[in-house]
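A.B. asks: I'd like to ask you about the structure that follows.
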Amino acid sequence: MADQPMIEMKNVTKVYDNGTVGLKNINLKINKGEFVVIVGLSGAGKSTLLRAINRLHDISEGDILIAGESITKTKGKNLRLMRRKIGMIFQSFNLVKRSSVLRNVSAGRLAYYPTWKTTFNLFTDEDKQRAYEALQSVGMAEKVYSRADELSGGQQQRVAIARVLTQRPEIILADEPTASLDPKTSRQVMEDLKMLNEKFDMTVVANLHSIELAKEFGHRVIGVRAGEIVYDGKMEDTPQSVFDNIYNGGKGKEED
């Protein structure tokens, strides 16, 4: 179906082993090509929601569909194949610090190989060319042979974005991608995500602390408080009072 959501969460609840409720009856549809930002207090459930989408956190109840197929019920090889469609960008960059930028970015292709091959990082010339082109796209080609630990935080995050581009997913989940960066670098990182969204029609879902960045880059905003969605609307139709309510109307709880 042409109007089938890229991501759909149906009555999703997440309860941790200690009894903490991370998500409470979440119902959400995100269409292909949207740039969605999720806002809320620290501990409101933003990261839990994002990580549930690709099953970094398994949910307790409900179902999550990726392009109409349940990721919740998928196992083994089929789960690995489904995760190819989903790229993840973390606050902590998740790079191999002692490896070169090229090798880190080439790792975006690992999902396309059997486990034995990924163990030895056996990348083809085509993989390396894809990686170089991805680095060009984010303005980092001159660092191709540098070690990851020689880069600034902003440069490392842009390398992480290039790695996702090399994967060629349909969905990008960005978990606080600018949290540890200065304002100028944060904007550069968001511009890179915007480029992936517009040039490659990738669906982007990003958790953001910065309301300014959320307003500038998001097509749609979702407000989360205490594990529940308390607002969902177009950014252009969202007044400041909505953000005030999301941040001042309730208290977050601790996440993993």
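From the backbone N, Cα and C atoms, a Cβ is placed for every residue, glycine too.
From Swiss-Prot, for reference:
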type    : residues                                               : note
BINDING : Gly40, Leu41, Ser42, Gly43, Ala44, Gly45, Lys46, Ser47 : ATP binding site
DOMAIN  : 7-251                                                  : domain 'ABC transporter'
A.B. asks: Look at each of the binding-site residues, Ser42, Ser47, and point out the one with the fewest other Cβ atoms around it within 10 Å.
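C.D. replies: The binding-site residues Ser42, Ser47 were compared, and Ser42 has the fewest Cβ atoms within 10 Å.
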A.B. asks: At 10 angstroms around each C-beta, which of the binding-site residues Leu41, Ala44 has the fewest other C-beta atoms nearby?
C.D. replies: Leu41
A.B. asks: Within 10 Å of the Cβ of Gly43 (ATP binding site), how many other Cβ atoms can you find? Include all protein chains, please.
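C.D. replies: Its Cβ shell of radius 10 Å holds 17 other Cβ atoms.
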A.B. asks: Near Gly45 (ATP binding site), how many other Cβ atoms are within 10 Å of its Cβ?
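C.D. replies: Neighbour count, Cβ to Cβ under the 10 Å cut-off: 26.
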A.B. asks: Would you mind checking how many other C-beta atoms are within 10 angstroms of the C-beta on Gly40 (ATP binding site)?
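C.D. replies: Summing over all protein chains shown, Gly40 (ATP binding site) has 27 other Cβ atoms within 10 Å.
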A.B. asks: Tell me the Cβ neighbour count for Lys46 (ATP binding site), meaning other Cβ atoms within 10 Å of its Cβ, over all protein chains shown.
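C.D. replies: Excluding its own Cβ, the number within 10 Å is 27.
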